[in-house]
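**Student:** Here it is: the structure, laid out below.
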Amino acid sequence: MAKKDYYEVLGLQKGASEDDIKRAYKRLASKHHPDKNQGSKEAEEKFKEINEAYEVLGDDQKRAAYDQYGHAAFEQGGGTGGFGGGFGGADFGDMFGDIFGDIFGGGRGRQRVVRGEDLRYDLEISLEEAVKGTTKDIQINTLAHCDSCGGSGAEKGSKVETCPHCHGSGRIRRQQGFFVSESICPTCHGSGKKIEKPCRSCHGEGRVHKKENLSVKIPAGVDTGNQLRLAGKGAAGENGAPAGDLYVVIHVREHNIFERDGSNLYCEVPISFATAALGGEIEVPTLDGRVKLKIPAETQTGKLFRMRGKGVASTRSGYAGDLICRIVVETPVNLTSEQKELLHKLEESLQGKDLSKHAPKSSGFLDGVKKFFDNLGKSDK
């Protein structure tokens, strides 16, 4: 009897996308699964047919061979011109058995043991917490061993035997021509076990969804994007396998005063017009509290002051960066008539021949403008 076209089995056209193939397989496999159609030989055969089609169409290499040669690509010794001979009747299953055993966590007759999944948790902290270090309590959604059955998946007193179909490996290996493929055992769903009476709490899975509370110690100096690995705090493994890890990804909130660049902190410090001209002493904020900073006379906007060791300590070297303060001279606003009059008098006293002495930048700028227009006038003549 001729085999059905694999695309037809999955209800697809030949040009179907990878996602279309996956969706069709999941839908049909669920519909015709033996557990949902107990005692139905027709459903069992259909399920095998669906798995066989997906094993080929779900693999890029096999699909390409099938598209070119059809079922002949997977018949022993035929279809691909050159692959049929040269191996002296070698058993490809034996040749690749060890490889597949390593990949899928067990060889023939051994129960499949799968490490638990790694989990990710995104944690937002303040800049102060990032710089100083802290401890945060978090709650994660994870898979834990079922307390009712101890992770076995079986009710107490129920027999747990090796799956007779896959002999405990959890996978079925098939040889099709020069291809060797493995798929999850449809009888035990990959567990490698045959359970007489599945646990009612976990439905035979051995694991249950659970919320778990953890305390995470955040070291000083972390930054956005840093990951903290908590070994063994991920999802529980299957069949007694070790749990995965939990990765806590740090996100540092923006600060209303400081900006961070590596180990250095930056902030803008406004000072009055008078302090900028005459000099004085001001207080600037740091993450350790207020610190006094001397402002020399004639300080301009943009002047940088470096406060060494007031930045962030490196998580590797422990060396602390600096706090860099950028001065911004603030123009006075909401002036009274008297204050405006005083400023007019000051402006008048600074004008004239002494402008270059009191305002060198303004004087230089005005001289540059005058020369520009003088040269412009000469070029027009």
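From the backbone N, Cα and C atoms, a Cβ is placed for every residue, glycine too.
Residues annotated as domain 'J' in Swiss-Prot: 5-70. What Swiss-Prot lists as zinc finger is 133-211. Annotated Zn(2+) 1 binding site per Swiss-Prot: Cys146, Cys149, Cys199, Cys202, in sequence order, evidence recorded as sequence analysis. Taken from Swiss-Prot, the feature repeat 'CXXCXGXG motif' covers 146-153, 163-170, 185-192, 199-206. According to Swiss-Prot, the feature Zn(2+) 2 binding site maps to Cys163, Cys166, Cys185, Cys188, an assignment based on sequence analysis.
Have a look at these and tell me how they're positioned relative to everything else.
**Tutor:** Mean pLDDT across the domain 'J' (5-70) comes to 86 in this model.
Counting only residues at least six positions away in the same chain, the Cβ atoms of Gly153, Cys199, Ser201, Cys202, Glu205, Gly206, Arg207, Val208 sit under 8 Å from the Cβ of Cys146 (Zn(2+) 1 binding site).
If you look at the repeat 'CXXCXGXG motif' (146-153), the same-chain residues 6 or more away from its ends with a CB under 8 A from one of its CBs are 160, 191, 193, 195, 198-202, 204-208, 236, 240.
Sequence-distant neighbours of Cys163 (Zn(2+) 2 binding site) (same chain, six or more apart, CB under 8 Å from its CB) are Gly170, Cys185, Thr187, Cys188, Ser191, Gly192, Lys193, Lys194, listed in sequence order.
For the repeat 'CXXCXGXG motif' (185-192), the list of distant contacts is 33-34, 47-48, 51, 106, 110-112, 153, 162-166, 168-172, 204, 206, 238-239: same-chain residues at least six beyond its ends, Cβ to Cβ under 8 Å.
Within the chain, the repeat 'CXXCXGXG motif' (199-206) has long-range Cβ neighbours (under 8 A, six or more residues past its boundaries) at 145-149, 151-155, 191, 238-239.
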**Student:** Reported as an integer number of Å, what is the Cα distance between Cys166 (Zn(2+) 2 binding site) and Cys149 (Zn(2+) 1 binding site)?
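**Tutor:** It is 23 Å, counting Cα to Cα.
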**Student:** Using DSSP, break the domain 'J' (5-70) down into helix, strand and coil residues and give each count.
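**Tutor:** Grouping H, G, I as helix and E, B as strand yields 46 helix, 0 strand, 20 coil.
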**Student:** Take the mean position of the Cβ atoms of Cys146, Cys149, Cys199, Cys202, the recorded Zn(2+) 1 site. Which other residues of that chain put their Cβ within 8 Å of it?
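**Tutor:** Those within range, site residues removed, are Asp147, Ser148, Gly150, Gly151, Ser152, Gly153, Ala154, Pro198, Arg200, Ser201, His203, Gly204, Glu205, Gly206, Arg207, Val208.
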**Student:** List, in sequence order, the residues of the same chain other than Cys163, Cys166, Cys185, Cys188 whose Cβ lies within 8 Å of the centroid of the Cβ atoms of the recorded Zn(2+) 2 site.
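**Tutor:** Residues close to the Zn(2+) 2 site, other than Cys163, Cys166, Cys185, Cys188: Pro164, His165, His167, Gly168, Ser169, Gly170, Arg171, Ile172, Pro186, Thr187, His189, Gly190, Ser191, Gly192, Lys193, Lys194.
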**Student:** Specify the count of other C-beta atoms within 10 Å of the C-beta of Cys185 (Zn(2+) 2 binding site).
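**Tutor:** Within a 10 Å radius of the Cβ of Cys185 (Zn(2+) 2 binding site) lie 20 other Cβ atoms.
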**Student:** Other Cβ atoms within 10 Å is the metric here; tell me which of the binding-site residues Cys149, Cys166, Cys188, Cys199, Cys202 scores highest.
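**Tutor:** It comes out as Cys166.
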